[in-house]
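S.K.: Encoded as structure tokens, here's the structure I'll be asking about.
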Amino acid sequence: SSVCRRLIFRTSRPGERASSQNSFHVRYFRTSVVHRDDLVTVKTPAFAESVTEGDVRWEKAVGDSVTEDEVVCEIETDKTSVQVPSPAAGVIEELLVPDGGKVEGGTPLFKLRKGAAAEAAPSSVTEPVTAAPPPPPPPVSAPTAMPSVPPVPTQALQAKPVPAPTLPEPSTLGGRGESRVKMSRMRLRIAQRLKEAQNTCAMLTTFNEVDMSNIQEMRTLHKDAFLKKHSIKLGFMSAFVKAAAHALTDQPAVNAVIDGATNEIVYRDYVDISVAVATPKGLVVPVIRNVETMNFADIERTINALGEKARNNELAVEDMDGGTFTISNGGVFGSLFGTPIINPPQSAILGMHGIFQRPVAVDGKAEIRPMMYVALTYDHRLVDGREAVTFLRKIKAAVEDPRALLLDM
């Protein structure tokens, strides 16, 4: 605070001689220093190396109040959407990028006045409107006598019938309009990558079927104890992920990739499996890393965490980077059969389908078993048919009898 002086003039009382002592006196008072609200510029967060830019979609407008960590905008990249929160409570002062504009990491997004409050809009007070009195009811008219009907002449009775006039046809129910919606960055990137895979890879698909009887029985017997110990439900996906890791270790070519820049084959001694997850915004493929070191509980826990983040639109770009193999489960939508498309730059993808009761031959007898078709699409430039068929049979054996995993068979 600072000290100020003010000179006050005082008039003389009657009979008092004017002097410098009684004409003025000094009054001291204190003032507070005025603190202005801090204005900060919020920038685009850094992206992963595989992402260069994104499209901005604003959740707030200029003048809106925000609390700390409240989402101000969302940046849609090729792989996921990144939410940008407010670093502090305050008011949006200025938007530096238009809605739908492209930004890179570190681009200034908006200006925030910290600690400010939004101006409340003046509430307009309207005077109560007196309802108009209802109109008086119309006067009741006296009944009018109907005129007598003259007799119909004989010629009219013998007249020929006249055809009724043609009525216009009723209009067709429902419209036939069209609408155009701009492709989102994620949808556009998915389309580009799928076409890239089709144009680059020599894709071939091999099929097999899996008897799910044993894995269903194992789940029924141990699901309660599994949930009690690990606090996570036991599903079927972990069995296929673990079986895929087992088969990838046995057939390293399926886990490898072609480096087009050097014309070399890159073999990986680790297994990172991408699991396709459908979201309202499109298909995302978060990665389960080092699956070869995981047990069923670790896999189920990771799948559950990644699925929850995908449904809440909280996946980071780092969650989807990399991956040496992909599993897509169309069975959750009731798929019977299908051929998945490779997720580049990977060399193969496993497609799971629905479990249906079908008659199968067991020891020379027909039995009804829960069966699932599985499909492996692979890049024939790198993976031979023998390796692909052997790989799929490894998965079939491990799922039908999980003891094969324990015995490393």
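Just so you know, glycine gets a Cβ as well, placed from its N, Cα and C.
When I checked Swiss-Prot for this same protein, it listed these features:
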- HIS380: active site (ACT_SITE)
- ASP384: active site (ACT_SITE)
- LYS79: N6-lipoyllysine (MOD_RES)
- 121-180: region 'Disordered' (REGION)
- 1-36: transit peptide (TRANSIT)
S.K.: Got a sec? Which of these recorded positions, LYS79, HIS380, has the most Cβ atoms within 10 Å?
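M.R.: Neighbour-count leader: LYS79.
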S.K.: Just to verify a number: CA distance, LYS79 (N6-lipoyllysine) to HIS380 (active site), in angstrom, no decimals.
M.R.: 27
S.K.: With every protein chain in view, what's the tally of Cβ atoms within 10 Å of the Cβ of ASP384 (active site), excluding that atom itself?
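M.R.: ASP384 (active site): 12 neighbouring Cβ atoms within 10 Å.
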